[in-house]
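Remarks on the structure that follows.
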Protein chains: 2
Amino acid sequence: MSLPISGDVGAQEIDITNETSSQHHSEAPYIHKVGIPPKQNLLQEITATVKETLFADDLFRQFKDQPRSRKFIIGIQSVFPILEWGRHYNLTKFRGDLIAGLTVASLCIPQGIAYAKVANLDPQYGLYSSSVPPLIYAFMGSSRDMAIGPVAVVSLLLGALLGEEIDPDIHPLDYRRLAFTATFFAGITEVVLGFFRLGFLIDFLSHAAVVGFMAGAAITISLQQFKGLLGITKFTKKTDIVSVMRSVWSTVNHGWNWQTIVIAVTFLAFLLLAKYIGKKNRKLFWVPAIAPLISIILSTFLVYITRADKHDVAIVGKVKKGVNPSSVNEIFFTGTYLAKGFEIGVVAGLVALAEAIAIGRTFATKNNYQLDGNKEMIAQGTMNVVGSMTSCFITTGSFSRSAVNCMTGCQTTVSNMVMSCVVLLTLELITPLFKYTPNAILASIVISATVGLIDIEAILLFWKIDKFDFATCTGACLGVVFVSVEIGLLIAVSISFAKILLQVTRPRTSILGKLPRTTNYGDILQYPEAKKVPGVLIVRVDSAIYFSNSNYIRERIWRWLGDEEEYLKENHQPRIQYLILEMSPVTNIDTSGIQALEELHKSLQKGNIQLVLANPGPVVIHKLHASKFTDLIGEDKIFVTVSDAIVTYKIGEA
Amino acid sequence: MSLPISGDVGAQEIDITNETSSQHHSEAPYIHKVGIPPKQNLLQEITATVKETLFADDLFRQFKDQPRSRKFIIGIQSVFPILEWGRHYNLTKFRGDLIAGLTVASLCIPQGIAYAKVANLDPQYGLYSSSVPPLIYAFMGSSRDMAIGPVAVVSLLLGALLGEEIDPDIHPLDYRRLAFTATFFAGITEVVLGFFRLGFLIDFLSHAAVVGFMAGAAITISLQQFKGLLGITKFTKKTDIVSVMRSVWSTVNHGWNWQTIVIAVTFLAFLLLAKYIGKKNRKLFWVPAIAPLISIILSTFLVYITRADKHDVAIVGKVKKGVNPSSVNEIFFTGTYLAKGFEIGVVAGLVALAEAIAIGRTFATKNNYQLDGNKEMIAQGTMNVVGSMTSCFITTGSFSRSAVNCMTGCQTTVSNMVMSCVVLLTLELITPLFKYTPNAILASIVISATVGLIDIEAILLFWKIDKFDFATCTGACLGVVFVSVEIGLLIAVSISFAKILLQVTRPRTSILGKLPRTTNYGDILQYPEAKKVPGVLIVRVDSAIYFSNSNYIRERIWRWLGDEEEYLKENHQPRIQYLILEMSPVTNIDTSGIQALEELHKSLQKGNIQLVLANPGPVVIHKLHASKFTDLIGEDKIFVTVSDAIVTYKIGEA
């Protein structure tokens, strides 16, 4: 708080001149009137609200004043961004995309097989899902860094939701069909959200909720890998930690397979080491990127030559050869599973979308380009709809693979095309070689991939900055770990909403005082040096005044007044004559709020205290006028600033 | 906008001196530093939040520094306010209460019988409900004006909800037992809300929702009275307008009873005339108050001497004589109806409570006393719990009867006692006389009472002031009229929540300009005379920055900047160097919000624009510090006012 002397003096002078001019020199200091914005009619009001809600990105601006043919081209380009950036595509860019695509493919193939297992599907479906959707995305996607394919969290969610309806071991065909149905509706959900520009709904899945949900899912998925790691044959279908640990312990004496454990632990150590190396030395980022593929090749070779599968080491078994078969006929378009598929699809689609948008935004900010949320949703949705018809389950952007994509120097979505081609070639040529791949290696790959989903730093930051975010995050995480993925999601969304509602139910109110040597008034808790003005109580309400808080605010102001008057009485000081309500943070008011102000005004009148308003915003002043509240208290009781009110009433400045 | 010349001149002078001192005279103008409130630890933070959320009324203040015996007495007095005001009770007050009590009783007896019919219960239950609950309330209630008893809206809601479970014509006993069970749980709900100080939950049932719901209920109830008015014997159980009108038309040729219609129309005209007289001449308010009783007496006498019941005029029939029998054994404490009763009780209890609190608050403001919401809830709950054990159905405060109570000069809740005694005497002595009361007269009484529930003025006010309130209100009303009471309630609550959420999803942002001849900056839409400062874009965000709006706000600011830069380019004006974010209305920020600011800062840096913050509040500055955002942009970029920032950077003031 120490200031240079010269500054001090200068400021003192301002203060003096100010005081002089407003107090003694001129009788009527200049007081600016509170402005009332021009009245909008209902249609304008609705149009403006709809525009800001649904078209916040000003979608139609680029179409304005263009000939019809140009409009058509812009329209097509906005759906297929490749038509725009494709014109400037060149060999240099392709080199970047090629290297990135090959690297991501090496990561994507083992992860795809592993995540298919997480979703309780056969390994080839993981590869199918890594081929068609990325190809579609390459034409429609607006994020150049995003690597598309199956991801851990969505696979877990899908598996858990599907498993509640159909047991994959007993009815594998129905299970798979329901998976495609859910994928279809997930895609439809995403397209609809994008097309009707309802992308903002995704924002309600807050960052804290997503972090918590991902951490919980990572723990749950890792726990489930005990099955593969320990070579347990009979394992629970439930995902909660209690069931899983009970399953693990109950098989401790019989059912653990030491050969499996040796393979799993060795390669897990290798993968984690590779991860560590990649983290320590940014230049070696390709080490963790190719480690999974190396693990798969090595372990498969090892099992093949030692015939470890004869010693009860579980292996992947026959993987179907050939590119994606059609699955249009497998989608349930009728019957009882239609509704179930729809439900699962909506939930899983929203989560997949939230992940995609989060990833898209992160990389867009990093590489300084804009991500069009709604366009992105249409791309994600289309790729899932097409995917559901070509034997794919729900896909989205993968954070870890997108990071590799970005670091290996991808330039456009062509890297997704490259990856897709590699996966298609794999499907056509070398899938039979995966027969001897041990399940344990897939478990190791999943664990080493999912531990990265637990974002400890973010969780610590939530704790430090916003306890509500921390609660959302831990609630989601514990819900997933201890109960189920749906409960985890529900907890996260509920706490997020409660946070918003609590703030408009019990907003802060504060007492303001004059900041020394300025004409500003600040919260006396924030500015302990601020001085209360004798005879005046200045209260600031930190929220819109709505039905949910109008009574509280009225009663709280009344309590501030009671406390202050008691204090003044005890100290034999002059009583309160003016209650100034600083309304800068009051962004809106509704009829209940106006009623509360009217009641406050009436009560104050009975105590011979004047109600004065400072700085009502455009919306508020409009409504105060419409309701004639301004007439009730008098237009002259409404000022632009607290200072104007104080100066006008010539109080407390002696 | 015209000002007196002298004021003008004075103001000019201030401006000049200001400019002089800050621009030329002194090199370093005085800039107040943004305060950072002392850090609270977690426990303090939680305590403060819990206190403001649950103990906003500072419940324990009166207990502070009191000896233990005194504390006990205060505690007892706070549950039974009669012990406090009873000590000052005197004959003068009693005279007021006696007259009020007698008048209200004359209104309460016919309405009680009529509302029992609305809830599909026998008439005596309406009288029972007008005896015990008001007596309990007299000891515990904190509103001296509230007249307790059965009311139209809650009776309708109860009847509709019960009717979905049990048909009252087929299983009258089970129906009644479920009614008592629901009443019991309604009471428990109210007590629990009051005891755990969760009264604020009631605030979420906004005034607009209640007005709309009441209007819808009034229309629905009136429509149902066609049964009694027209003497229809077979009538639908549904409450929606389509079913009811179909029922009415289908009986138009056979089933309407002309004698009934004559009685009904005559007395309805009489009652409405009485209402009109009371409204025109405030002194004759007792005319509508006693008109229902007179109607009952006259019509009963008329039916008795003409034996109109032989001509198919439906009559009330035998009304059981004697005061309330116990109904403890009739409450379902086990079995399938327990859960149903609980559900119905919670919903009906909340609506009853909302009505009671609204009435209590209205009269408290009118007569200048404070209503303790949580205490009131405990009183309401207790009277319903006791009521459920003494053959009463759900009761609450009646708006029309409370108004009569107030106008006839009630002084304390003793008027409820007087009313209760009159009803008990009626039950003991004259109930058999109600045998020949025609049902038509009850229908007339219900209609004349419920039309008053349609608050046209309030609805027009909603339209004028807040379109969302209007939508809530009409949504609730149409939902009740066209679908069902529950749907109406659901619509109302949904729209209310949507209103809150929309505001934190798509908050207003505005561009500020300097108000001429002041150092204040105002919204250029609200103050068209405000001048933008060259080289600076000042944006105000009108909401807390949360996960639900952080992306929108970031993108919106970016769009403001883009628009402005385009405009400047076209007009060959200097480009933007500073983006000042006026944060007065930003009452809170969460991790997503801070992340959005960080991203904004990064993007701005790339465009060589400085991000400057003005007036962050105590909560916000705290979090900005905790997240090191202040270090990121630099402490020197944060100012108390926009004006300070402008002066510091010596821009645009030439």
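Heads up, the Cβ atoms here are built off N, Cα and C, so glycines get one too.
TrEMBL annotations: computationally assigned, not manually curated.
Per TrEMBL, these features apply:
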type	residues	note
DOMAIN	A:526-649	domain 'STAS'
TRANSMEM	A:146-163	transmembrane segment
TRANSMEM	A:175-196	transmembrane segment
TRANSMEM	A:208-226	transmembrane segment
TRANSMEM	A:256-277	transmembrane segment
TRANSMEM	A:284-305	transmembrane segment
TRANSMEM	A:344-364	transmembrane segment
TRANSMEM	A:417-434	transmembrane segment
TRANSMEM	A:440-463	transmembrane segment
TRANSMEM	A:475-498	transmembrane segment
Quiz item: In the domain 'STAS' (A:526-649), how many residues does DSSP assign to helix, to strand and to coil?
Solution: 61 helix, 21 strand, 42 coil
Quiz item: Do at least three CB pairs under 8 A connect the transmembrane segment (A:417-434) and the transmembrane segment (A:256-277), leaving out pairs fewer than 6 apart in sequence?
Solution: no
Quiz item: Under an 8 Å Cβ to Cβ limit, what residues of the same chain, 6 or more beyond the ends of the transmembrane segment (A:475-498), are close to it?
Solution: 156-157, 160-161, 204-206, 208-209, 212-213, 215-217, 219-220, 238-242, 347, 351, 468
Quiz item: Would the transmembrane segment (A:284-305) and the transmembrane segment (A:146-163) count as touching if the test is at least 3 Cβ pairs under 8 Å, pairs 6 or more apart?
Solution: no
Quiz item: By a Cβ-Cβ criterion of under 8 Å, what residues six or more beyond either terminus of the transmembrane segment (A:440-463) are in contact with it?
Solution: 110-111, 113-115, 117-118, 152-153, 207-208, 211-212, 214-215, 217-219, 221-222, 225-229, 231, 260-261, 263-264, 267-268, 271-272, 275, 292, 295-296, 299-300, 313-314, 316, 399-400, 469-470, 472-474
Quiz item: Any residues 6+ beyond the ends of the transmembrane segment (A:175-196) with a Cβ under 8 Å from its own?
Solution: 54, 119-121, 125, 158, 161-162, 165-168, 202, 327, 330-332, 337-338, 340-342, 344-346, 348-350, 352-353, 373-389, 391-394
